[in-house]
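Down below is the structure, laid out as structure tokens.
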Amino acid sequence: MAAVAAGGLVGKGRDISLAALQRHDPYINRIVDVASQVALYTFGHRANEWEKTDVEGTLFVYTRSASPKHGFTIMNRLSMENRTEPITKDLDFQLQDPFLLYRNARLSIYGIWFYDKEECQRIAELMKNLTQYEQLKAHQGTGAGISPVILNSGEGKEVDILRMLIKAKDEYTKCKTCSEPKKITSSSAIYDNPNLIKPIPVKPSENQQQRIPQPNQTLDPEPQHLSLTALFGKQDKATCQETVEPPQTLHQQQQQQQQQQEKLPIRQGVVRSLSYEEPRRHSPPIEKQLCPAIQKLMVRSADLHPLSELPENRPCENGSTHSAGEFFTGPVQPGSPHNIGTSRGVQNASRTQNLFEKLQSTPGAANKCDPSTPAPASSAALNRSRAPTSVTPVAPGKGLAQPPQAYFNGSLPPQTVGHQAHGREQSTLPRQTLPISGSQTGSSGVISPQELLKKLQIVQQEQQLHASNRPALAAKFPVLAQSSGTGKPLESWINKTPNTEQQTPLFQVISPQRIPATAAPSLLMSPMVFAQPTSVPPKERESGLLPVGGQEPPAAATSLLLPIQSPEPSVITSSPLTKLQLQEALLYLIQNDDNFLNIIYEAYLFSMTQAAMKKTM
């Protein structure tokens, strides 16, 4: 009875195992023999040693209803990957107790380790018999084992699929343990793999070499590098440290750079992307940020000399402006202390007020205030210091020309060392400057504000003809903000001027040559329109509370909106903008231009600063 019960349990176990095997291969119909515990080893040809795989479990030898008629499978206990091998005439078995070695048709050598030596010998004998049987059938050329593949097309397809799957699995496991580098054929493996180190070619390909001109064919110093800032015309502060060519070669340089960028905007970017190094970027021309009408004005007028450098593009030697056409080292008098604690709002306010005084300094502007205040004296010094060909300063007026003389003839004071560090981010003004005062319009090469206003009105009319697709106010207003200085350069100027006598001549001596290159038409609204107009009494000017020159913000705001009073009447009149055009232009500039928004914010800070000053009074 015990033997019958044991046989029943074994039979039930075989049935369960057969059902499990049929889930993987439905053509298995009978289990021939079983080995309870085996482990699979593979032989490494390079290391010439055996390596254990992750296949370990029960070995089943079975028969199939399709070809091949026999096979064995190791049901893996460690993972879901089982080892299946069909028994064909190509298998070669060798017994080395407790290992059963075999070599398959792909010449891969495996070793099966048996926990029970008796099972090892029994399974080895069974394998040899089945292999000899397959070899005998193949030698005879006829037999029932080959007929399903040849005669029955449906079973033949299933057998072929099974063989393909087994072969693919064997190749996968073989390649998985192999350490040889394999060729990458999938594009996703190349582009989506973060650990893949891509080689950097020393040269571009032949097609790129043919398409891209050599550096000696163009006058650009580095034509093979095209940065995004140069492509989209954005000013980069890193260009302040580059050396700029003289202004007389501006038109040739601009035409060559524009022709080169029209021909090769994308291919240069391809070559640029092959390098990990950041190339030295040269300053882009300012025409990239200007509207076409301003460019025409710069090209046509013989008296106006457009600058190849703005304050953002030329390296500032000592962070100061120029007087009488010469470079002097700083706006501070020798020995003047640094006022480090100047507030940020005062600096922003002075930067905004500095913008409006460029078009405001008319002959009558110097006589608005009391002569005893520093502002008119500084205006007088302004008119004397803006002669374009003068090398030595004119006779000092009320003692305000003495600091420039000290810097022409003296040395740099120790306080300007930190000033020079800030100055690298901002450029110095050009040697030749145009006067603002109307008394010097008769000199050669000098344009009065009236003539400049006429030219700007001509530009406005030309711009209105081409303004069908965009608002009339989109005349590159942010460039005007950039030319007035951004960020840090004015901070050092304010920090180093403790009193009004030193601040006033500094913020009024500004080169008017920035105006033809960057100014919008005369009807362009300034940011000061949005600020609350406040009148400042002369007492506040004398007490030194104003951060900039002593002229009221309302006068500065209206000077940009109204034509400058001139002795000769203005012939050309311009029509004002409609309310819709003004609304569209302001919305466009606020949404798309950060510099325009910064100017409005600076004007707001300026008004808040003045309100705070009045409260302190």
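Including glycine, each Cβ sits where the backbone N, Cα and C put it.
Considering Ser147, Ser566, the record held by Swiss-Prot lists Ser147, annotated as phosphoserine.
Checking Ser283, Ser336 against Swiss-Prot for the annotation phosphoserine singles out Ser336. Of the listed residues (Ser511, Ser575), Swiss-Prot tags Ser511 with phosphoserine; the rest carry no such note in the record, though that does not show they lack it.
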